Amino acid sequence: MAGSPSRAAGRRLQLPLLCLFLQGATAVLFAVFVRYNHKTDAALWHRGNHSNADNEFYFRYPSFQDVHAMVFVGFGFLMVFLQRYGFSSVGFTFLLAAFALQWSTLVQGFLHSFHSGHIHVGVESMINADFCAGAVLISFGAVLGKTGPAQLLLMALLEVVLFGINEFVLLHLLGVRDAGGSMTIHTFGAYFGLVLSRVLYRPQLEKSKHRQGSVYHSDLFAMIGTIFLWIFWPSFNSALTALGAGQHRTALNTYYSLAASTLGTFALSALVGEDGRLDMVHIQNAALAGGVVVGTSSEMMLTPFGALAAGFLAGTVSTLGYKFFTPILESKFKVQDTCGVHNLHGMPGVLGALLGVLVAGLATHEAYGDGLESVFPLIAEGQRSATSQAMLQLFGLFVTLMFASVGGGLGGLLLKLPFLDSPPDSQCYEDQVHWQVPGEHEDEAQRPLRVEEADTQA
């Protein structure tokens, strides 16, 4: 793409050098620390005289496949709604997730599975790494179109560390239950990205306003991402829950919640839409809020009715957020939320955390029976009451918001370093800044500027 020679040279070197450095450093750390766990290592597995059918691979890998498809296909295509940013939406999703899953294997490994001087990995490590990558991609949605790939890799480098620490504090130190990640994934990823976007605020972004919308075919491709996410979300929430009734219940609650959020979204979209017409932005995003809102409580005894009610509420709140709150977020709070992650992940994530507080507080031995140990082991052991568990669930939400806000602020300062390449204000949401785009897709209105204006450089 045309531009100053120094800027083009910086772009040519910055991404390759950063990719090579990050991959090289990760490879060295893998060589030193990462080993197969006892369910993956040939010698250790067969030493135990186990049947191959008992290996956790056969129980967990189907869920991993679904989660993997959500991360790379669902999230990637959900963000292709921008008319001139499809290559970047899918391509940078691919890049970020590929790095994040490696880096998070190390970070989470040091925190959760570090024994005898090594990190031990298996299929559950893959699922956890994909969960972390999902949080990074949620944050990416808030700054979509306004950042370069080198900036995004540095964002992931920081966010993965903070994600791992926050998850460790909630799940291991506080004993919070969050099977589907309403707090650890959605709330953390959303508010990390929103604070990051606030720090990177661009007052002259109006110069790229004409590229910020969608066209017919870009919305259609984005709907592919929605359908992938919608279909596989029960697997996402249940991927790491206790096998048996717990996993079964988690998938069922998510299934009903998604269905109800879809109907709520269609209803509200037509109600608030111009001339009673549906808005594809609402359908693409708010219909998924049902999966987010039951992330914390889906393994609990939420009841099918509770799942339907939660999903419907999430769908309506998310739709209203896209219609009314997103413009306020930009005009009053100076948060330029490209994908509306506050509406799809932020608000439903907080609602999901609060729903978890309520359902945890109602937990009794009569309701759960012997299953109480797999959902609330500390209550089953008599180490805490249901009320104490509920209070710690609420405190976990506060801790998550704190980590996300501080981390997003630090990330914003890091990404504002002047030597990092980012698109100028006049060329945001434009693939040709970072990609070779086929010539037939150019027209006079979309052809890149020959000379970049100094006053629009980020």
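Just so it is clear, glycine is given a Cβ too, placed from its N, Cα and C backbone atoms.
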*asked:* From Swiss-Prot's topology annotation, check whether GLY273 and LEU13 share a side of the membrane.
replied: yes
*asked:* Quick test of the contact rule: Cβ under 8 Å, at least six residues beyond the ends. What residues does that give for the topological domain 'Extracellular' (171-178)?
replied: 111-112, 184, 295-296, 299-300, 353, 356, 360, 375-376, 378, 384, 389, 392-393, 395-396, 399
*Using DSSP, how many residues in the topological domain 'Cytoplasmic' (326-346) fall into helix, strand and coil?*
14 helix, 0 strand, 7 coil
*Between the transmembrane segment (347-367) and the transmembrane segment (125-145), do 3 or more CB pairs sit under 8 angstroms, pairs being 6 or more residues apart?*
no
*Which bits of the chain, at least 6 residues beyond where the motif 'Basolateral sorting signal' (429-432) starts or stops, bring a Cβ under 8 A of a Cβ in it?*
1, 82, 84-88, 144-146, 208, 211-212, 338, 423, 446, 448
*Near the transmembrane segment (220-240), which same-chain residues lie under 8 Å Cβ to Cβ, leaving out any that are not at least 6 residues past its ends?*
60, 62-64, 66-67, 69-70, 73-81, 86, 124, 127-128, 131, 134, 179-181, 214, 247-248, 250-255, 258, 262, 280, 283-285, 287-288, 291, 294-295, 298-299
*asked:* Give the nonlocal contacts of the topological domain 'Cytoplasmic' (273-282) in its own chain as ranges (CB under 8 Å, at least six residues past its ends).
replied: 81, 214, 219, 222-223, 265-266, 318-319, 322-323, 340
*Taking residues 6+ outside the transmembrane segment (179-201), which of them lie with a CB under 8 Å of any CB in it?*
131, 134-143, 146-147, 155, 159, 162-163, 166-167, 170-171, 236-238, 240-241, 250, 254, 291-299, 333-338, 341-342, 344-346, 348-350, 352-353, 355-356, 396-397, 400-401, 403-405, 407-409, 411-413, 415-416, 458
